[in-house]
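According to TrEMBL, the feature active site, proton donor maps to A:HIS36. The ATP binding site annotation in TrEMBL covers A:29-36, A:147-150, A:VAL176, A:184-187. Among the features that TrEMBL reports, beta-alanine binding site is placed at A:GLN60. According to TrEMBL, the feature (R)-pantoate binding site maps to A:GLN60, A:GLN153.
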There are 2 protein chains.
Amino acid sequence: MKIAKTITELKTCLAEIGKDKTIGFVPTMGYLHDGHLSLINEARSQNDVTVVSIFVNPTQFAPGEDLDAYPRDFDRDSRLAEAAGTDLLFFPDPIEIYPAGASTFVAVEGAITRKLCGQSRPTHFKGVTTVVNILFNLILPTRAYLGQKDAQQVAVIKKMVRDLHLPVQIIVCPIVRDVDGLALSSRNVFLNLEERRQALILSQSLTAAKALYRAGEGRVESLKDQIVSHISTMPLAIIDYVDILDFETLADIETITAPALAAVAVRFGNTRLIDNIILD
Amino acid sequence: MKIAKTITELKTCLAEIGKDKTIGFVPTMGYLHDGHLSLINEARSQNDVTVVSIFVNPTQFAPGEDLDAYPRDFDRDSRLAEAAGTDLLFFPDPIEIYPAGASTFVAVEGAITRKLCGQSRPTHFKGVTTVVNILFNLILPTRAYLGQKDAQQVAVIKKMVRDLHLPVQIIVCPIVRDVDGLALSSRNVFLNLEERRQALILSQSLTAAKALYRAGEGRVESLKDQIVSHISTMPLAIIDYVDILDFETLADIETITAPALAAVAVRFGNTRLIDNIILD
């Protein structure tokens, strides 16, 4: 596995790969877990070359969020990425991605970035789309692999790719869960034992909602109420949002007539977790 | 010369060209004049293939601006582009570039888009950077050719390319002028004879300012005053702005110690003209 820490090194590696190879790209913020590794596996199976980036992107964190605290372990990540079959690992400093005076942003406007995480993190997706756009411009991947865990990020990036006609195909891979159902997240490391135990309510409440939906309940308010009640049984859970929206556009819906996304964000102590399930 | 009116047709043509050829790209809003043709010539001389786009971009016009009135003549443009040696002409409908519901924008923030034309056209450059980004994504040119006539557009697009690491080289070509000095512009067609005569004051005032600068006057306020006085001798001239700024960043300066841009925008009747000169 090659490691590029600068754009110059990245370009040298990409030039060696050449323009005729298909490139599968997995953008990450590092602290890799099995969810990331499932993306790398999928990229390997569909492309000649697999490129992984590790970049904790400062522009998607607002002041006061956990940019500095975000977990980092490059040596471990590097070993995991190599073992998973990564060909090229891009691990740039922020100054490489955002040179001094950089002030260009890519933003998806409208409800799709204002709902869900966009409510409590109003500048978050502007940072996400900007950095993903930059990484796509640098790497020019054939396909990029994203996890359904970050459902809104997936919807927003798909829309950016469509609206800006970016020459890349977005492949979305299913959420990877621990054996007890907790969705894998780099932030899970911050949970103490009791928080982690109570956090299982996220996947449990979503699975229960899906069962209700399958049993014939299509009214969004009723399903949301069930999820809120379910999560509220856990004393440490502080709900940020519970919502059910159109799967593609994230538009509000009253009853489910097309694929919908049930998504939750809940804080346990200082740790904010998200999870979701597709109702189709 | 091939003509593509849809993205599907464009992609077919680009696939036939292949990935190994260098592509020179000239984005235009049509109604081609010798300024555009100089860009096409430069593109031809430096690349295997020359692609020209004609697209009057709606997102860079504000309500009340001259989007509908902007001059259009595709048959004439097509003949001129072919005679100049264009290999592929891209002439899309707005719905091809901006599909229904498109809401993603690329914006260069900061003084560089707030100064000069950004004052009276605050949303203009957001439309310019968005459409240029889209065209770059669709065509993936090796080099793109812009005219120095639109000096602020050049500075803004160069900054977008740098900040977003777009894989294209920007080549800037000098202003092409009529024999009497008027900078060529598609909008010149709107001038009546008297307006056109008085509009010569733009290039004359800028040339005089450059002579003053060459003679030792480096104070920006003094040079600006001279240009304003000069233009004001024409009764039909309504000044939008006269400014002298740092050439690259468009930052304010008090005295000229590095290359500077002297730029003017003046209305004659319903027609707004811009012109500029480099002080170096």
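Using N, Cα and C of the backbone, Cβ positions are placed for all residues, glycine too.
Keep in mind that this is a model prediction, so the values were computed, not measured.
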Rounded Cα separation (Å) that holds between A:GLN153 ((R)-pantoate binding site) and the residue listed as 'beta-alanine binding site':
11
Among A:GLN60, A:GLN148, which are binding-site residues, the residue with the most C-beta atoms within 10 angstroms of its C-beta:
A:GLN60
Could you check the binding-site residues A:MET29, A:LEU32 and say which one's CB has the most other CB atoms within 10 Å?
A:LEU32
Could you tally the C-beta atoms, other than its own, that fall within 10 angstroms of the C-beta of A:HIS36 (active site, proton donor)?
27
By a simple count, how many Cβ atoms lie within 10 Å of the Cβ of A:VAL176 (ATP binding site), its own Cβ left out?
18
For A:GLY35 (ATP binding site), which residues in the same chain are close in space, meaning a Cβ under 8 Å from its Cβ, but six or more apart along the sequence?
A:GLY147, A:LYS149, A:ILE175, A:VAL176, A:ALA183, A:LEU184, A:SER185
Cα proximity to A:GLN60 (beta-alanine binding site), best match among recorded positions A:LEU32, A:HIS36, A:GLN148, A:SER186:
A:SER186
Spatial neighbours of A:SER186 (ATP binding site) that are distant in sequence (at least 6 apart) but have CB under 8 A:
A:MET29, A:GLY30, A:TYR31, A:LEU32, A:HIS33, A:TYR70, A:PRO71
